[in-house]
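Per Swiss-Prot, the features are as follows:
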type    : residues                          : note
BINDING : R60, S61, G62, N73, V77, I78, D79 : substrate binding site
Amino acid sequence: MTVEVLFKGGYTPQRAFDGDAGFDLQSSHTAVIQPRCRQVVKTGIAIALPDGYAGFIMPRSGLASENGITLVNSPGVIDAGYRGEISVVLINTDLHQAFHISQGDRIAQLVIMPVCHASFIEVDTLPGSARGISAFGSSGRHDTRG
């Protein structure tokens, strides 16, 4: 996959470990996210995804659990035809502590997956299923297997 680094000294996405699904995205600049505020953080890169694939920007679990930092739109979707700079919309859920980002900090992860380009066919009635129209909470909270 090709990547364009948009500033000198930029950061090509990398996986921390061989088996990782996500490639770390790093901040191209410093930033401060105030408590209960959101901010667009640029990565300084653009990528060319192959047709039939999309990139999904996901939160980093350590930032979420240790600092309350997550994504406003999770996941953020990068379509195969998009060639602009990848930006990440972060939110600081902490009520009191500002979050400081340094240039090069890992701020999110990019997971690349194949996508199905489906077509929709309008029908009068959908076929039945075991679940039917049961919605939120329909499977229960507790394990009932025995």
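Just so it is clear, glycine is given a Cβ too, placed from its N, Cα and C backbone atoms.
In the three-state DSSP scheme, D79 (substrate binding site) falls into the coil class. In three-state terms derived from DSSP, N73 (substrate binding site) belongs to neither a helical nor a strand segment and is classed as coil. Here the binding-site residues are V77, I78, and the one ringed by the most other CB atoms within 10 angstroms is I78. Counted over every protein chain shown, other Cβ atoms within 10 Å are most numerous around R60 among the binding-site residues R60, G62, N73, D79. The Cβ of S61 (substrate binding site) has 10 neighbouring Cβ atoms from other residues within 10 Å, across all protein chains displayed. When every Cα pair among R60, S61, G62, N73, V77, I78, D79 is compared, the largest distance found for this substrate site is 26 Å.
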